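As given in TrEMBL:
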TRANSMEM  53-72  transmembrane segment
TRANSMEM  142-161  transmembrane segment
TRANSMEM  173-193  transmembrane segment
TRANSMEM  199-218  transmembrane segment
TRANSMEM  225-241  transmembrane segment
TRANSMEM  268-285  transmembrane segment
REGION    300-322  region 'Disordered'
């Protein structure tokens with residue numbers, strides 16, 4: 001289904017990227033003119049670029065973990081963890097200053113920061129994992145950069161929602177998601193003193209998300225996939241990122257005390273449950289729309305001036321980084 005006419009993107013209005021988005025449009029026009037195979041390859045490339053753009057904050061944090069692990073001197077006056085905290089703040093400020101993130105998204109990310117840090121304080125006290133290096137900017141045993149790692153998940157979800165113009169079929173009711181998310185968050189604490197209810201939580205998540213379909217626009221048309229599958233794929237990449245974090249000694253689990261080993265696959269389930277909390281917080285701000293709402297958005301969008309060139313070769317629905 002064709003996408004609605006988009007408004008000018010932040011990328012298009014930001015001078016350093018304006019030339020890139022214009023070149024990307026020309027590339028898309030040439031690919032479409034060459035036939036369906038070239039157009040399909042272009043759409044695949046476009047999908048990867050948009051995903052990378054959505055991961056901007058999370059990718060920057062992973063890059064900082066690797067860079068500081070390899071290059072930061074052990075005896076430097078400023079501890080490595082403190083460098084990570086200050087760098088994360090600088091990145092967040094820059095993203096707002098350059099309009100790469102909206103203030104609404106920033107508010108959601110702040111909630112992620114608070115929710116994540118609160119859980120970190122409890123989990124480190126229980127010995128679930130530790131931060132082996134010293135730092136000044138910390139609460140108890142938790143360096144402050146850790147809140148930004150949780151926030152990077154929220155940043156990704158908020159940005160990818162906007163970049164791919166998500167629409168849904170049979171989306172779970174938001175009140176039900178709020179109740180499930182509250183139960184998941186509570187279970188992260190109570191599982192240490194009473195029965196772990198994660199199997200019941202997995203079943204509830206499958207019941208809510210199983211019927212849902214997500215529609216996303218990569219280029220000119222909407223594609224679709226099961227929403228539950230999308231959440232599982234994002235969880236898989238978070239598990240990969242956690243292996244990077246532990247390999248760089250950003251934090252370590254008890255089984256890694258004697259040397260690095262892969263993060264337990266069991267953590268995949270924990271991250272999936274945390275993903276549901278993250279998704280719910282973003283959904284409360286972004287407000288899921290049905291696919292049928294696309295037509296209404298097209299009717300409401302301001303008309304763009306046309307030109308002979310535009311008539312001959314319509315501009316793709318949105319720039320790569322919109």
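Cβ atoms are placed via backbone N, Cα and C, with glycine included.
When each of 199-218, 225-241, 268-285 is checked for Cβ pairs under 8 Å to the transmembrane segment (173-193), 268-285 comes out on top.
Segment contact holds for the transmembrane segment (268-285) and the transmembrane segment (142-161), given three or more CB pairs below 8 angstroms at sequence separation of 6 or more. Ranked by the number of CB pairs under 8 Å to the transmembrane segment (199-218), the listed stretches 53-72, 142-161, 225-241 are led by 225-241.
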